[in-house]
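Below is one structure, written out as structure tokens; comments come after it.
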Amino acid sequence: MAASGLPRRLFLQGVAAVYALAFASLYTQIPGLYGAEGILPARRTLRPQGKGRWRQLWETPTLLWEAPQLGLDTAQGLELLSLLGALLALGALLLRPLRNLFVYLLLWAAYLSACQVGQVFLYFQWDSLLLETGFLAVLVAPLRQPPRRKQTPQGGLAGASPHEALPFWLVRWLLFRLMFASGVVKLTSRCPAWWGLTALTYHYETQCLPTPASWFAHHLPVWLHKLSVVATFLIEIAVPPLFFAPMRRLRLAAFCSQVLLQVLIIVTGNYNFFNLLTLVLTTALLDDGNLTAEADSGCCRKTPTSAWPRSLLALLALLLECTVYGLLAYGTVRYFGLEVDWEQLAVHSTTTFTFHQFSQWLKMVTLPTMWLGVASLGWELLTAFWRWTQVRGWLRKLCTAVQLFIFGTATVALFVISLVPYSYIEPSTHGRLWTGAHRLFSTVEHLQLANSYGLFRRMTGLGGRPEVVLEGSYDGQHWTEIEFMYKPGNLSRPPPIVAPHQPRLDWQMWFAALGPHSHSPWFTSLVLRLLQGREPVIRLIQNDVEKYPFHKQPPTYVRAQRYKYWFSHPGEQSQWWRRQWVEEFFPRVSLGDPLLDMLLRQFGLQDKSPPRARSSGNTLAQALRWIRKQLLPLEASTLLWGLLAAVGAIRGMQALLGPHPPHASPVAKEEKHRPAPKKDCGPAGKAAAPAPDNCSSCAQAPRRKK
């Protein structure tokens, strides 16, 4: 690969943007989820066990252990952490000097701290993905940003350290693990919808939070849904090995396919910051040559004697690319039985391989994909070592050698650790893995430096989308539905656009509907808070409390019903959904009901001790309450979109008012376009005008006089 200065810069900015969105989204929900009157109070998660301070911090790595030192409870400490994390991430996004190792280390530590007390509401794969990506950003970010005058025209840094490409390679490896595993688990799960290629005929209406575009996508022809599933398998299983291809065009094709998939998911589903984070990971497939028009224009013209080897290599590369594309097309047609029906203008598809055949294939390729990673990483290490040999000056050479050793060791260690969760996709390979890798992984597993992934493993709601509807009543006879802001409820309300915000209660309500309420213990606590009329929890359901049907007086009774929802048919006026009652999900209860008390005791949700009172005169606590009061009227998704608009406006102003490169004079332009004189190959000619060693040196600007 060519230099990757610009992709690394984009990656760091993208990670900062995702951090800002994640922290801001979490901040808006802390009182209702983790406050003293919330569903799962955070203070219950941090109980001192009499262990040493450092041992306690290692076993439960969270900065919130220090909240009492500031006069804050755990929930207030989480608010402070989220606010500071959002502000620091915005600073890293907008201010170049803040994109350094220490800032990204603080961001990672802050989000890890939140996840330690987040309980079930922070147990999502994208939270783990953000932690793993965030730690890689710590290694990718420089110790300090060099001054702009040292930037080269290609976006790299003059005198860049040899080790800089090593941590960025781990981003590419993470993207490979994420996509390949997500494709494989769809087939290893034996889900009939994925094997029958009909998954997308259910997905758009059964996903957690559909968008308005989901309704239209759901009503596309079945053959197009099945063809889309084939394309998904192609992009997630067959294309990821091309991430390590030695040819730029193959990597660029892989990049475009991943971007296409993520954009389509963003349009048809509310998956918060997950798809944005995946798009950030795809920057590892690019290099400066993909992002600048100057990469090729700066190269010197080759003489006729050196043109034919270059042309031969280009021809061989083109033949190899055509072979790869041909194999992908042949494999897709063969293994998914693609046939064109010209009469109906459709493409029919069906799976032509069995589960046993796929299992044997997976067993055969899992280990080679690991060796592919080893080979690619080995090449990066050799390249970094070669760059180190080009460093001039003994002091600089010593410093870069130390950096290369530290970052090279960290890169290899993280790669070895990641092999353990990656091998979960194939049990026999997992069992044959080096025992040292298992020990290393188990040592740092709680830090979530490497995780296993597998999105959309099974398609749910094949017989209709299960949905839990809460109801309240004052007399136990007349019931009123409690409608949420985001999840489906009212049949005539269109699906909202929520991303990049993640309403974590709505997401857990979707999971709760897939089984009995006993599988979701937090639901009993939710019912208790509604019976108590706790405003922080009510604001998770309706930010505008006036729209909550029991805002004047809490309901005497609460129950929950399970329905099955389907998208409405085309032509049904003013209806987005249709539904059918299935069964009672949670029985009718009231405050003091023996059944409710028994469930609270069974799940350990009873408040055995009241929260410790904090001094009301604490300045920091007062400041947090004031900030909360100012932001309270804003709906979370509105707040996040406003944040994005503000960032866009500031970046636009920076582009308009920032320093611009000086324009070349007419004389310089004439010199640039003037054909270069032929060089004499003799000794005298070499002394007068030394020929450059490579094309990159031809693109360097002439030295200025001191």
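Cβ atoms are placed via backbone N, Cα and C, with glycine included.
Whatever TrEMBL says is automated annotation, not expert-curated.
The feature transmembrane segment is assigned by TrEMBL to 75-95, 102-122, 165-185, 223-243, 312-333, 370-389, 401-424. Per TrEMBL, domain 'Lipase maturation factor 1/2 N-terminal' is recorded for 123-292. The annotation domain 'Lipase maturation factor 1/2 C-terminal' is assigned in TrEMBL to 449-587. Annotation source TrEMBL lists region 'Disordered' at 661-706. Taken from TrEMBL, the feature compositional bias 'Basic and acidic residues' covers 668-681. Residues or ranges marked as compositional bias 'Low complexity' by TrEMBL: 682-693.
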Under a criterion of three or more Cβ pairs within a distance under 8 Å and sequence separation of at least 6, are the transmembrane segment (165-185) and the transmembrane segment (401-424) in contact?
yes
Arithmetic mean of per-residue pLDDT over the domain 'Lipase maturation factor 1/2 C-terminal' (449-587):
94
What stretch in 75-95, 102-122, 223-243, 312-333, 401-424 has the biggest tally of Cβ pairs under 8 Å against the transmembrane segment (370-389)?
401-424
Over the span of the domain 'Lipase maturation factor 1/2 C-terminal' (449-587), count residues by DSSP class, listing helix, strand and coil in order.
33 helix, 34 strand, 72 coil
